[in-house]
Amino acid sequence: MFRARHLLGIEPLAPAEITAILDLAETYVDLNRRTVKHSNALEGMTQINMFFENSTRTQSSFELAGKRLGADVMNMSMQTSSVKKGETLIDTALTLNAMHPDLLVVRHPQSGAVDLLAQKVNCAVLNAGDGRHEHPTQALLDALTIRRTKGRLHRLTVAICGDIAHSRVARSNLILLVKMENRVRLVGPATLMPSGVGELGCEVYEDMREGLKGADVVMMLRLQKERMDGGFIPSEREYYHRWGLDAEKLALAHPDAIVMHPGPMNRGVEIDGTIADDINRSVIQDQVEMGVAVRMACMDLLARNLRAQRGAMASQAFEV
Ligand code: NCD
């Protein structure tokens, strides 16, 4: 069902492919809850993680996922690599490529950098977040979390709130949720709303109270200050007052609404700490758990495709 060579974004995926990834991830949720968590899906394969941006959850989750599937996992330390000596991304990639990795997991501050790299290497590439473009495994883990807690992944009203303009998480989630036939509302200050989002099949709200009314899922985002080059908000205090998720605003959503956040969270800026910790509303820790399972599923499927391609190439060579 999922035949692609790389996982670079949600954009090229068909709904059936998304469902196939989530279904396989379910089996890994079960495996991860056992005492012995090993599978041999990536046995003998080499996975290299290249993170050109800081990461806690995504990097550790990809590392665990690879190890649980039996791969040899190497974390490149980009702070101490030759990138600091001026080597280009492509040269670094070609150097690593010569070591025959099977899976490359890449996070990069520039939108499109991971796609470019994928064209230069002969292994499978997974995008772990490129600039403000895409973060496909985050959207997939969010989808799995929603499907498990709400019992479905269609005909839900999802409010994605905060710094939409700088967020690859918002972009990948929007694309996925619209593909799966949900109603998506983007909520935030006009200064943090990218132009032309209306065309992506969603509704846009500046008033958070309006945007949250009747929502089944409330997804909060961090202010991505590292991607801002000027004053986008009046002050953090004012921002919290208007767009921070507190009990009073959450009361406007559906009584069973769940609260999500990809992390890292800034308590008291975009979300009240009590809500984030409320196990009856917040599924933030479930998102982290689903992250490992979803990444295992994605890497398992890419490894199957890689084996099939290499097998096909080998038999062609044999015929000649
Ligand atoms: C997000 C990211 O890096 O895009 N975090 C994550 O992957 N869990 C969101 C963020 O940095 O705010």
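In case you wondered, yes, glycine gets a Cβ from its N, Cα and C as well.
For the carbamoyl phosphate site, TrEMBL records R57, T58, H135, Q138, G263, P264, and the single candidate of R107, R227, R237, R304 listed with them is R107. The sparsest Cβ neighbourhood within 10 Å, among the listed binding-site residues (R57, R107, R168), is found at R57. Residue counts for the domain 'Aspartate/ornithine carbamoyltransferase carbamoyl-P binding' (5-147) under DSSP (helix as H, G, I; strand as E, B; rest coil) come to 61 helix, 26 strand, 56 coil.
Closest in space to Q138 (carbamoyl phosphate binding site), of the binding-site residues given as K85, R168, R222, is R168, taking the CA atom of each residue. Taken through DSSP, the domain 'Aspartate/ornithine carbamoyltransferase Asp/Orn-binding' (156-301) splits into 62 helix, 24 strand, 60 coil.
The average pLDDT for the domain 'Aspartate/ornithine carbamoyltransferase carbamoyl-P binding' (5-147) in the predicted structure is 94. With respect to ligand 1, the binding-site residues K85, R107, R222 contribute R222 as residues with a C-beta closer than 6 angstroms to one of its atoms, given in sequence order. Residues R57, T58, R107, H135, Q138, G263, P264 make up the record's carbamoyl phosphate site, and a Cβ search at 8 Å around their centroid adds S55, T56, A128, G129, V169, P262 from the same chain.
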